[in-house]
Amino acid sequence: MAFFFRIYVHWFSQKFGRRNKRQKRFYLPREFVLPQSKCCWARKCKQGLRRRFGADGSLVSIETQEEHGNITEFLRATGDSGTLYWTSGKFNIEENVFEWGNGVQFSPTAPWSPGHPNSQLSLTGVTLYTVGSPRLRTQFNTVSSRYICEIRLSEDGEEAEPCFSDNDLVIVVDSSSSIGQVNYLSALEFAAKLATAWVDNPNNRISVVIYSSSVLSVIGLGEAVTVSQIRDRVYNATYLSGGTASDLGINAAVTEFKNNARAVPKNMVFLTDGSSNSPSLTLAAAQNALAAGIRSFSVGIGTNINQQELLAIAGNDSTHVFNTDGFEDLLKLLQPVSRRVCE
C-alpha cells in the first residue's frame, strides 16, 4: 500500500553547492510516493525503491523552498502527521557538510527543527518530521522509519515502444571499468526499459547479458520472467568493472539464440562506451552473429567510440548504428532503437 501524488515541479536552474553530472531538467514531472513499509535508511530503502520503481526512483531531496512547499502539500494530502520519514539527506564527513543523495549541499536556509542538525559522523541520515510544516531532523540511520521517494517521470521519447510482431531480443550491456558505476546504472535502465516494453507482446522473449573481461547472463532467453522480475534482475545486475571483451558479449548472444531457437526474427542490441580489447576478435564475433541470422544493432555512448567497430557489430548496416554523446542522453535512444529493431 502506498500513497501516490503527482506534481509538475519547476526545478530551478541554479542549485546550492555541488551538482552531479546528470542535472535536473526544467519542468520535469515528479511523482511522490509514500510506502507504508519501514526500513533503515542506509540499507533497505534504496533496495526496495530499485525493486519497485527502477532507476527512476530515489529517496526524496528538498533543495529549494519551492520543493519544501511541494512536499508540505503532499504530506498534508496524506492526512498523516507526527511521523518521521527518511529522505536522501546525509552527512558528508570528508567535506563536513550535509548534502542530498545527488550531491547537492543543503541550503543555508534549510528548514531544520530546533536543535538540529547534529552530524553524529557517519551514522547520520536526515528525516522529515511532519507536524505542521515539515521540518528536517538528523537521525541515526540504523533507526527503522517510513520514507518518501520521488519518481522521475520520463520525458517524451524516453520510453521504448512495444513490438507486437513476434521477435526474440538479446540486450548486451557493457559493464567495463571505463563506464563507472553511476553510468552503468543508466545503461541498465536502458536495458530494463527496452526489455519490459518488448514483453508487452507475450509472444516475445528477451535476454540480458553483461560483459567486461568476462560475461554474465542476467536473464536467459528461455526463461519465463515477469516485468517485475526483469526490473529486479536488471537493476541489480553485478558491475563487473574490468576490460571490454566485446567478443564475449556478442558470442553470448549467439549462444542464447542457438540454445533457444525458434522460427522468429533474432535481434541483438549491443551497448558500449568505447573500443574493444581485441578488434579482431570482435569482428569475428560480429561476423559469426551475422552468419547465424541475427539482426544486430549497436549503441555507442560517449566520444571514445570506435565507429568502424560499431558499424561492424551492426552487420555493416549504418541504419542499425545509434550514437549519443553521453549517458545522460541514453534514454532518448529508446524510442528510435525499439522502432528500428521491430521493423
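Backbone N, Cα and C define each Cβ position, glycine as well.
Some features that TrEMBL has for this protein:
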{"type": "DOMAIN", "residues": "45-150", "note": "domain 'C-type lectin'"}
{"type": "DOMAIN", "residues": "168-337", "note": "domain 'VWFA'"}
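Taken residue by residue, the domain 'C-type lectin' (45-150) breaks down under DSSP into 29 helix, 35 strand, 42 coil.
Confidence annotation: the domain 'C-type lectin' (45-150) carries a mean pLDDT of 79 in the model.
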